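As recorded in Swiss-Prot:
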- 407-416: compositional bias 'Polar residues' (COMPBIAS)
- 451-462: compositional bias 'Polar residues' (COMPBIAS)
- 466-481: compositional bias 'Basic and acidic residues' (COMPBIAS)
- 616-722: domain 'PH' (DOMAIN)
- Ser386: phosphoserine (MOD_RES)
- Ser388: phosphoserine (MOD_RES)
- Ser391: phosphoserine (MOD_RES)
- Ser413: phosphoserine (MOD_RES)
- Ser418: phosphoserine (MOD_RES)
- Ser943: phosphoserine (MOD_RES)
- 404-496: region 'Disordered' (REGION)
- 209-240: repeat 'TECPR 1' (REPEAT)
- 254-285: repeat 'TECPR 2' (REPEAT)
- 301-332: repeat 'TECPR 3' (REPEAT)
- 344-376: repeat 'TECPR 4' (REPEAT)
- 734-761: repeat 'TECPR 5' (REPEAT)
- 958-989: repeat 'TECPR 6' (REPEAT)
- 1003-1034: repeat 'TECPR 7' (REPEAT)
- 1049-1080: repeat 'TECPR 8' (REPEAT)
- 1092-1132: repeat 'TECPR 9' (REPEAT)
Amino acid sequence: MPTSVLWAVDLFGRVYTLSTAGQYWELCKDVQLEFKRVSAATQCCWGIAGDNQVYLYVCSSDVPIRHREEAYENQRWNPMGGFCEKLLPSDRWPWSDVSGLQHRPLDGVALPSPHWEWESDWYVDENFGGEPTEKGGWTYAMDFPATYTRDKKWNSCVRRRKWIRYRRYKSRDSWAKIPSKDDPKELPDPFNDLSVGGWEITEEPVGRLSVWAVSLQGKVWYREDVSHPNPEGSSWSLVETPGEVVQISCGPHDLIWATLWEGQALVREGVCRNNPKGSYWSMVEPPGSENGIMHVSAGVSVVWAITKDRKVWFRRGVNSHNPCGTSWIEMVGEMTMVNVGLNDQVWGISCEDRAVYFRQGVTPSELSGKTWKAIVVGRESDRSHSGSSSSLLSAGCFFGDEVRGSGTESAPSDTDASLEVERQGPEQPLPKEALDNSTNLKGSLSKGHETSGNTDHSTENACLTEGKEKAPETSRSDECRGPASTPAELPWTNIDLKEPKKVSNQPAAGFPETAGLSSLGLFPMGMEEPYGADDHPLWAWVSGGACAVEAGSTLKWFTIQSGLSPSVQTLSLSITPAQTAAWRKQIFQQLTERTKRELESFRHYEQAVEQSVWVKTGALQWWCDWKPHKWVDVRVALEQFTGHDGARDSILFIYYVVHEEKKYLHVFLNEVTVLVPVLNEAKHSFALYTPERTRQRWPVRLAAATEQDMNDWLALLSLSCCESRKVHGRPSPQAIWSVTCKGDIFVSEPSPDLEARERLLPCDQMFWRQMGGHLRIIEANSRGVVWGIGYDHTAWVYTGGYGGGCFQGLASSTSNIYTQSDVKSVYIYENQRWNPVTGYTSRGLPTDRFMWSDVTGLQECTKAGTKPPSLQWTWVSDWYVDFSVPGGTDQEGWQYASDFPASYHGYKTMKDFVRRRCWARKCKLVTSGPWLEVAPITLSDVSIIPESAHADGRGHNVALWAVSDKGDVLCRLGVSELNPAGSSWLHVGTDQPFASVSIGACYQVWAVARDGSAFYRGSVSPSQPAGDCWYHIPSPPKQKLTQVSVGQTSVYALDENGNLWYRAGITPSYPQGSSWEHVSNNVRKVSVGPLDQVWVIANKVQGSHGLSRGTVCRRMGVQPREPKGQGWDYGIGGGWDHISVRANATRVPRNMSRDREARGPGPVCC
């Protein structure tokens, strides 16, 4: 589960965050303001301060928030002076926007608020449609509304060029005041409530937020244009309501609820992608007529409410199609407020003790949860409080009166906090609503069965009883000074919350050592907080919009024992997971050594049994080799035997019946090259390849009845294959990694003659073994650093283990295996044809494609009939329209064309007789493997420097470049063998979003933008990891590049049509090269290694028995004089999607090459 934070505000207006992986409340970095309430999203938090103004807190990130400003310079040609700024009266402005309708001079473009800053001055954009323009960046046309070209023609009467300038948001990790317009008529009233949500509205662009606010006069306001590149938004717009609103809540999706002064609830209807503000309000009556609704909180599919009598209610039947729900259900507990966060998890603040409670047991099937559980963690400042007094406090608690005098010397007391308060200024009374329920704090964490369990240790009970008996009933300052006060009494001291009393600056007469310790700095600066070290924080507001808690996950928020102060809690001894792992490893190592000692003395004895044989049998299904191909029931037997030399080998027998005749098929497992699960939504099947089966493109396919049976057979057969080839443990640093279209990860150990120039090993004989996990892209280098990217753009780093997934037990390492999840989308298309009577309908011609189909139209795919890719995936969303398809869409998601096989566009013309719309649905997979998440930036591409085997990389870090899912180019710092995840990202500025990046062995960095243009980064070195500037490289004629891969000296690129290109003319003095040369077509992915070896994934490869899509291929004949090679060697195939050979720097040893030459020359051709 990724780390996220819970936001909360205490009664003194201080904002805290609590991490899902932490155990302490951390005070917000910017503590200059006091807040009433906050509303959090993943990337930011909005809040209302004590001045009733709205503030925004944007969390820091390695990727800056940048916005590009554009202005166009327009000129017209005249016979006297050529092109000039003197235009016709009917022309556009000399300086305008892209449409020409808005006057936009360079000096008239200002920053929207003080929270922005300019990155640089204005400069000309010399990129036009992916191609570099001439010097000056001018583009030409016959007239301004016409189509522009890079080349000047005889009829080019006008020209224009684009000026760009970037501004950067600078107010991060601080509260920035949202600016308001100066016009009093447009200035909204002071706010008293706000809510942030809407980031998961169906079909909405990623990064857009809906910010709703309520003013003191009961008006509802909506903040326009709030998004990731514009976190502040642009302006406030008034939303009409049927009454005065007191509070509003916006869920992550399209649920928006508000409460009225009269106690009813308002529900916003018609919220969608094109209308995030909705259309109208619907009224929902409160649960009872006596007590109206005073607070409401909306989630994805739930709504929680609190009535005026503090009762908690759950709204049943709420969803996007019925946002009003059906009925109210009363829940247990009394709260002042509740908040629904991500995954419909719920938090609340209790009326009795002002503690934050978490609703446990909330799942998609039980949205109301089961019980409330108090979050009992302390604050960050409490660590030093408890640490400075834990030893003496333990002595005073467990050894009686003998050390209580000395224990008091270092124990923090309320006097110290009072002294700090007096030095700060006048006393600060608590809010009135906290006075009624907060006089006694000792029962707040131990009352009720829904809070954390009470302790029952005799020593703790004795200490608690003794502290109760000796606690004097005096004022707060008197307690701290009294000689009978002990550290054990601090948690149960009565605190007068109504009027905190001042105390003199003079230290207590009986405790001279306390003042001395305090002057030495043993007490932290957190002592000026309004709470004592062991006081229970009093909360006023909580927001879980940025807290992602998955159902069934384990949190550390409830591990502190209730009824004990943080100081006493430090006494409990616990064994951390790291200590447990070290302890287990030590015992395992000792047992292994003892076993070796016991066996060494008996190795000279003859074995009683010369060889052992064991057999495993079972029932499976086999995809038969003959026509008609179908699944047939078979019996399988795996026979494993141990030879005289101790080596193990195995044979797999498949027994089947043909025309009542029993036959069998056998496979030697030492000949098997790969065992791969097959993507099938109906069968638990896997394929078995041998070199002969690889050349035929016809593997042995077997299917099990259940997923567990398939995993058992797959793990057993894989283990047997590894034992036959003596392949065990983690892959070597030079291993070759690959990923299938299913997301399965495979690795192969390269032999020395794999990249030999003569008598090289055919790549169809390479052995591939599966690693646990699920990825879409993988990248490795020869120093053992391996990174991967999932389908949801999450970055993962290899931990050094092996196995995971279905390979548990003997086929998996005992450590470095972690849970991994991935999310991908399934797409189907809705097709319609136009007719003159009814317009576009789902009735097509008999020759048309299915009205609900896949992207090709050849396979019928309906919403009800479409299933996840395999049985391991589960749906996590409903069907929604995908607006991000190539070619663009209209507001409803439709694409138009003259006929179905033609090209589609996002607007309707007179010749468009068909249209289609893409629907998507997300599904999720949970597995395990040797991978750890690299948060928080999501990536679309990654590249690691391919180092040669003789390169010494001990003096510098591993160079790693990546492209985020938003198109930002990043450089990872601090990557090494010991720290493969690195430390931080360094942003590399670009003028447009990028799609692919690759770094070569000599630090040459090439990249491809989303418009298909190529770029080279200059001056990249270990001392200057980000380089200095980009050089625009012309793309191949009429082609748009999609991927680039750089080796030691070679640069290869791939275009959108599957053509592979080689960059010729690259020299050390001219690293940009001179031209592109075509190498091959039918290529899906390319990977160039440190030896300039070229490996690709081919789209289609025809075998003797079948056709495989997605095949691993190696370029033959690559050498310095022939860098493009001469042909292809076809390897494993049928479903492969990505490969990385950038770690394979293994060369043939020189003595081996000389031995081959000594054997004799090859065949001579006359």
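Including glycine, each Cβ sits where the backbone N, Cα and C put it.
These figures come from a predicted structure and were not determined experimentally.
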Distant-in-sequence neighbours of the repeat 'TECPR 2' (254-285), which means Cβ under 8 A and at least six residues beyond its ends: 197-198, 201-204, 208, 210, 212, 214, 218, 220, 222, 237, 239, 241-248, 291-300, 303, 305, 307-308, 318, 320, 323-325, 883, 891
Neighbourhood of Ser943 (phosphoserine) by C-beta distance under 8 A, where only residues 6 or more apart in the same chain count: Glu779, Leu960, Trp961, Ala962, Val997, Ser998, Ile999, Val1046
CB contact flag for the repeat 'TECPR 5' (734-761) and the repeat 'TECPR 9' (1092-1132), at least three pairs under 8 A: yes
Contact yes or no, the repeat 'TECPR 4' (344-376) and the repeat 'TECPR 7' (1003-1034), 3+ Cβ pairs under 8 Å, gap 6+: no
Contact set, same chain, for the repeat 'TECPR 9' (1092-1132): CB under 8 Å, 6 or more residues outside the stretch: 673-674, 689, 694-698, 736, 738, 740-741, 755, 757, 762-764, 766, 768, 1047-1050, 1052, 1058, 1060, 1062, 1077, 1079-1080, 1082-1086, 1138-1139, 1141, 1144
Within-chain partners of the repeat 'TECPR 7' (1003-1034) [C-beta distance under 8 Å, separation at least 6 from its ends]: 126-127, 129-132, 945, 955-957, 959, 961, 963, 967, 969, 971, 973, 986, 988, 990-997, 1040-1044, 1046, 1051, 1053, 1055-1056, 1071-1073
DSSP helix/strand/coil residue counts for the repeat 'TECPR 5' (734-761): 0 helix, 9 strand, 19 coil
DSSP helix/strand/coil residue counts for the repeat 'TECPR 7' (1003-1034): 0 helix, 15 strand, 17 coil
The repeat 'TECPR 3' (301-332) - residue tally per DSSP class, helix then strand then coil: 0 helix, 17 strand, 15 coil
Helix, strand and coil counts within the repeat 'TECPR 6' (958-989) (DSSP): 0 helix, 15 strand, 17 coil
Helix, strand and coil counts within the repeat 'TECPR 1' (209-240) (DSSP): 0 helix, 14 strand, 18 coil
Number of helical, extended and coil residues in the repeat 'TECPR 2' (254-285), per DSSP: 0 helix, 15 strand, 17 coil
